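**Q** Below: one structure in structure tokens.
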Amino acid sequence: MVLSQTYILGPMWKVSISSVTMQGSSRRTGTMTDVHRRFLQLLMTHGVLEEWEVKRLQKHCYKVHDSNAPVEKLEDFIHNINSVLESLYIEIKKGVSEDDGRPIYALVNLATTAVSKMASDFAENELDLFRKALELIIDSETGFASSTNILNVVDQLKGKKMRKKEAEQVLQKFVQNKWLIEKEGEFTLHTRAILEMEQHIRETYPDAVKICNICHGLLIQGQSCETCGIRMHLPCVAKYFQSSSEPRCPNCNDYWPHEIPEVFDPEKERGAALSKPNRKSLRPRQH
């Protein structure tokens, strides 16, 4: 199966998918159809979506190209696409948000270094601002960096001089492009950034990096044991202590002193999202 079109992968970077042929491999590969290709093109436009949005996008693509066909299981559907993207070092990755555990899908470029993926859309001093923000976030105990602390390093940036007002605007661009999340004047990494940059962060900040004791994934924000110091993502905390009346640390068995968050309920969340008025549709213009 051949793809012969140049796609824009969200607002941050682009890649030419030209004359890419599905090759046989030792693992099972599926068949790329017009449904898969349209789905890939639209996901590239959005860059990152929540799971319920991905499922809705998948159903839309079936409706447009093959309304009589049964909708393929999402896991298999994504695998079929990834088997084609593998040779391009691109992958549709699934992760969960650190604050509430909602599943997130992102189109990840594996071929370039983490921050360089942003180079086509940001100037040298803007990229350096992101690096400074990233360092502050990784070094912090909470996984957040205040806007004040980030703006205080503006004078240290490489390249063209940047004013603090300009830096504030650049930070908002990072938020809009889903590299950062802002909460009450503080910034942390978006799930998209974690999916793309986990390996980079582990290699660049080995002494400061934090790992979840349950899933062993990179941890930016979460809870920690006050006795032994282990850390856990909030969604991992929610699932691990779901049935515990007296939550205890999985490492030292001491009492877990933090509030236990609720386990994410996708059906409840989806119903709430769909009930919001004037929600922007994922369906783009027909080409």
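Even glycines carry a Cβ here, placed using N, Cα and C.
Note: TrEMBL annotation is automatic and uncurated.
Look at TrEMBL and you will find 197-249 tagged as domain 'Phorbol-ester/DAG-type'. Sequence annotations record features per position, and here TrEMBL assigns domain 'RING-type' to 212-253. The region 'Disordered' feature in TrEMBL is assigned to 267-287. Residues or ranges marked as compositional bias 'Basic residues' in TrEMBL: 277-287.
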**Q** What residues elsewhere in the chain lie close to the domain 'RING-type' (212-253), defined as a C-beta under 8 angstroms and at least 6 residues from its ends?
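**A** Non-local partners: 96-101, 137-138, 142-144, 188-189, 194, 198, 201-202, 260-264.
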**Q** In the domain 'Phorbol-ester/DAG-type' (197-249), how many residues does DSSP put in helix, strand and coil?
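**A** Per DSSP, the residues of the domain 'Phorbol-ester/DAG-type' (197-249) fall into 15 helix, 10 strand, 28 coil.
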**Q** Give the mean pLDDT for the domain 'RING-type' (212-253) on the 0 to 100 scale.
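**A** Mean pLDDT for the domain 'RING-type' (212-253): 95.
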